[in-house]
Amino acid sequence: MIEKVGVIGAGQMGSGIAQVCAVAGLSVAISDINAEQLAKSLANIAKNLDRQIAKGKLTEPEKDAAMARIATSTDLSIFKDSDLVVEAATESEDVKRLILKALVPNLPPKAMIATNTSSISITRLAASTDRPEKFIGMHFMNPVPVMQLVEIIRGIATDDDTFQSIKALTARLGKTAAIAEDFPAFIVNRILLPMINEAVYTLYEGVGGVEAIDTAMKLGANHPMGPLELADFIGLDTCLSIMQVLYEGLADSKYRPCPLMVKYVEAGWLGRKVGRGFYDYSGPTPRPTR
Ligand SMILES: CC(=O)CC(=O)SCCNC(=O)CCNC(=O)[C@H](O)C(C)(C)COP(=O)(O)OP(=O)(O)OC[C@H]1O[C@@H](n2cnc3c(N)ncnc32)[C@H](O)[C@@H]1OP(=O)(O)O
Ligand SMILES: NC(=O)C1=CN([C@@H]2O[C@H](COP(=O)(O)OP(=O)(O)OC[C@H]3O[C@@H](n4cnc5c(N)ncnc54)[C@H](OP(=O)(O)O)[C@@H]3O)[C@@H](O)[C@H]2O)C=CC1
């Protein structure tokens, strides 16, 4: 039974995962290389829970109890009692491999490890640990507190106990599981990211401006966000990494990342999290940049 969950990476996904686990009554430990990011993450979780109180979905004592279940540290020894650690750091295989290597000596032998990677091979990441049989993909969607789905991906060595435990945890968090095989970007991003990449090509080739493309897909296909707004929301660095994994992993030119997406990432225009991407978020309402 999983009662103590660790989360590595206090970005938008790590914070969301920590929030839903704490609200579900689990004890949560979050670690990030950046202490400031840990403070921001706690403030964000508190703000989200306040919003739920304002809507009558949570009480003040429930919020206080959830916040009291969350501990933070820049030191991986915070995971010494964890039953499960969910890795949710930057979408880079090199970064994740280094984290996993450093994590393993800090874990009890019984602990499982899940990765929230959007695209990278679970089998390859598992090979960076001492316990590939206890390693699994647990892919939450953004924003975690709102989105219903968790993709569960077994690596070649993942055992049945780990798979069943993660399925049970997904249900305990109030989420629905979809099981995907360990292919580049799994199911959701295999389909979603080529659409976002195509939207960036549509912009790059001048077929439409940012606003026209997003309006077209929101009103023409009933998407809750336009593809460029969604790209900014996900993070353009994450979008580009996923396209690179698809391009290299499936060796098909149809997954070639749009050069405009590459340029935006090179410029540091990573989307909402830095205040600029296909929209400029510095004013009261987002302003299209093209
Ligand atoms: C890249 C990957 O690896 C995989 C992925 O995650 S791909 C991305 C998947 N996510 C999507 O496609 C999201 C698409 N967008 C949407 O579904 C919607 O725009 C949205 C749910 C994000 C916001 O919906 P909306 O109707 O515009 O906004 P709003 O009415 O303000 O919010 C709806 C609810 O979401 C909550 N919410 C919105 N943004 C939130 C956030 N960032 N964090 C937490 N909660 C949030 C609101 O509090 C509100 O909650 P209640 O229903 O309890 O009142
Ligand atoms: N964004 C999305 O819509 C979704 C993302 N994901 C996946 O979740 C993961 C995280 O994404 P997201 O939260 O958006 O990214 P963010 O950029 O918001 O957060 C990543 C966090 O990881 C931290 N980090 C980087 N290196 C390390 C390290 N060595 N040790 C500990 N922490 C580290 C970063 O710190 P710093 O900023 O200081 O570098 C940052 O705080 C990725 O694998 C992504 O693919 C999955 C589903 C949806």
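For all residues, glycine too, the Cβ spot is worked out from N, Cα and C.
The 10 Å shell around the Cβ of N142 (NAD(+) binding site) contains 16 further Cβ atoms across the protein chains shown. The annotation NAD(+) binding site is assigned in TrEMBL to G9, A10, G11, Q12, M13, G14, D32, E91, K96, S118, N142, K273.
Marked as domain '3-hydroxyacyl-CoA dehydrogenase NAD binding' by TrEMBL: 4-181.
Annotation source TrEMBL lists domain '3-hydroxyacyl-CoA dehydrogenase C-terminal' at 186-281.
The site 'Important for catalytic activity' annotation in TrEMBL covers H139. Following the DSSP three-state reduction, the secondary structure of H139 (site 'Important for catalytic activity') is strand.
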Using Cα positions only, nearest of the binding-site residues to H139 (site 'Important for catalytic activity') (G9, M13, D32): M13
Fewest-neighbour residue among binding-site residues, criterion Cβ within 10 Å, set G9, G11: G11
Spatial neighbours, same chain, of K96 (NAD(+) binding site) - Cβ under 8 Å, 6+ residues apart: E87, A89, T90, T115, T117, I120, L125, S128
Surrounding CB atoms that lie within 10 Å of the CB of M13 (NAD(+) binding site), all protein chains: 25
Cβ contacts of D32 (NAD(+) binding site) (under 8 Å, same chain, 6 or more positions away): I8, G9, A10, G11, G14, L38, S41, T72, T74, A89
